[in-house]
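Taking it in order: structure first as structure tokens, then the write-up.
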């Protein structure tokens, strides 16, 4: 039984590692897939002119010599401080790497290299081949006619030139016909040597024509609606690809090319306009709130696929799998364009929260395709990767493989078991931004509170009573909500007037709240005189408790 559990844990761990790599950039050695072969500028399409390629090749040689030191310095800087999308904030080796990548991109745009490879030529049918094989018999005659003048010693050179002219004018003539025209013309005049020059002049315009086709305007390539060059946000985009490849220019350039080509083949721009209509999937992946530094937060709850109906809706057949994939990519693309800011100093990354509760299952195989696409085409979009409800076996597994992660990757990974999920999230995300199901107070369509209404956190010691007083000085309607993580406390509320002859009013009779009760207690009280509302939370357990509360006063126009 232990071996089966260990095997199951190992298999699921590998699946989760794929998600980690997709979110952070997959630069660690454990789960790193082979990097795409560097695209050598010299290995361009033979049909394209080689004139612009020569300086590119020289730039690459220069880049290859400076790649190693730039990478080493970059890694040291990344381990000591948080990455920035401001060019002024990055170190000199990183700036040099960015400048060299810009040069490679400029050459690639001029050569129109951000295009998918041409499709293979269609197979030629046997009948067509037989016709083509029969055609070369006619051109072979002029070739012999050109070779025939050389061996005869008694035939003067002028007739040979005349013979070549006759072949150029009418290649359909036979050898005998050519000989008949050559015999009477024993001494062709010098004026007749001009015709050979005429065909040469007709052939010479061909190179200028191809050269003119080879120098069109540089291609304009947009990614997430931003051009690769010439925009203040372009540097942020290029830095992401450099960071994903440890500032190795050739590998970053290859990754950028592959990403742009994939976007064209996948039809990203058209995908944004599609109405895929899968509202049920919003329980699996959804955006909710922001962290304390302003990064949008994306929640990934793949355990929802334990529902057979939801699983069948996404993965029942190939058509549904492709539809789910397109929906997932569309959702991410819209989030990037609507929530992120690629301007210098802007928020250009997200916080990814992955819920591992009940996430072990066969659906991971279907998710591999989506995770691979995220890994290869959306580099460095995770400011932090937080794993919550992590099972014990994964925490042990992660300790074993942690030495193989780069320091940069480990700095972005955060793991929390089921009992520490809410506490861990609160370190990075304010409680008013955390959904109710993960320990926070944020919920959709709340008529009384929004994410702008701050939440107060209090830690209640074991066997301690916490008293919260909310004073009021005028007529108002007081609304408050409160929760204690895990409950197991006694909660009550009362109003105490300021006047000595007033009477205390019980607003909420004290009662025991346990973990199975509703996660939130929400109350309101209409107050007609000055006084205070007193909330009492009695922690009768032997463990510390996290208390969250907030309130809002809606005053009347009349004063007390």
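Residue 1 is the first one shown; counting continues down the chain.
Cβ atoms here come from the backbone N, Cα and C positions, even for glycine.
Residues or ranges marked as compositional bias 'Low complexity' in TrEMBL: 8-25 (among others).
The feature compositional bias 'Basic and acidic residues' is assigned by TrEMBL to 80-102 (among others).
What TrEMBL records for 115-124 (among others) is compositional bias 'Pro residues'.
The feature compositional bias 'Basic and acidic residues' is assigned by TrEMBL to 128-138 (among others).
The compositional bias 'Pro residues' annotation in TrEMBL covers 150-159 (among others).
TrEMBL lists 180-195 (among others) with the feature compositional bias 'Low complexity'.
The domain 'CRAL-TRIO' feature in TrEMBL is assigned to 274-446.
Per TrEMBL, the feature domain 'GOLD' maps to 422-553. Across the domain 'GOLD' (422-553), DSSP classifies residues as 13 helix, 68 strand, 51 coil.
Annotation source TrEMBL lists region 'Disordered' at 1-165 (among others).
Under the heading region 'Disordered', TrEMBL lists 180-213 (among others).
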Please list the DSSP helix, strand and coil residue counts for the compositional bias 'Pro residues' (115-124).
0 helix, 0 strand, 10 coil
Looking only at residues six or more beyond either end of the compositional bias 'Pro residues' (115-124), which have a C-beta under 8 A from one in the stretch?
132, 219, 261, 264-265
